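Visitor: Before we start, here is the structure in question, set down as structure tokens.
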């Protein structure tokens, strides 16, 4: 019994770790969270953005030259959208800790992304979407998925 307890305690932190989603798995999760056609952007746009922002990895982080960091599956920036406790002048417009964006549960990322895309720039806020997805056949990202 003691061995089982030790084993459970060793693996308990893994439950809080992030996740690398499969393409169709992420498409289904994003659809459940209401991203399909949100602000006029089809589901394929969101899946494409996630691919080129994080390679579908909820734990992705990238430090920027201005000292801010991008977090999670949609690489949401700490200067404007979340608080990481180390970005001077963070606006935290989504009112969340950046660590919430690294969870295997994409709810916080989706809710924040909805605020971002509702801004005047829409999905142009995501550099990877602008450079790799905009104007392409983004429906290819959900083709073959059972949604």
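Even glycines carry a Cβ here, placed using N, Cα and C.
According to Swiss-Prot, the protein has these features:
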type: ACT_SITE; residues: 53; note: active site
type: ACT_SITE; residues: 70; note: active site
type: DISULFID; residues: 24-145; note: disulfide bond
type: DISULFID; residues: 48-133; note: disulfide bond
type: DISULFID; residues: 82-98; note: disulfide bond
type: DISULFID; residues: 94-112; note: disulfide bond
type: DOMAIN; residues: 19-147; note: domain 'C-type lysozyme'
type: SIGNAL; residues: 1-18; note: signal peptide
Visitor: Do me a favour and check the Cα-Cα span between residue 133 (disulfide bond) and residue 24 (disulfide bond); whole Å is fine.
Guide: 17
Visitor: Count, for each of the disulfide-bonded residues 24, 48, the other C-beta atoms lying within 10 angstroms of its own C-beta, and report the residue with the smallest count.
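Guide: Sparsest of the disulfide-bonded residues 24, 48 by Cβ contacts within 10 Å: 24.
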Visitor: What subset of the recorded positions 24, 48, 53, 70, 145 lies within 10 angstroms of residue 98 (disulfide bond), using C-alpha positions?
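Guide: If one measures from the Cα of residue 98 (disulfide bond), the recorded positions that come within 10 Å are 70.
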Visitor: Under a three-state reading of DSSP, tell me whether residue 70 (active site) is helix, strand or coil.
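Guide: Looking at the DSSP assignment, residue 70 (active site) belongs to a strand.
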Visitor: For the domain 'C-type lysozyme' (19-147), what's the model's average pLDDT?
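Guide: Taking every residue in the domain 'C-type lysozyme' (19-147) and averaging pLDDT yields 98.
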Visitor: Which of the disulfide-bonded residues listed here (24, 82, 145) have a Cα atom within 10 Å of the Cα of residue 94 (disulfide bond)?
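Guide: Correct set: 82.
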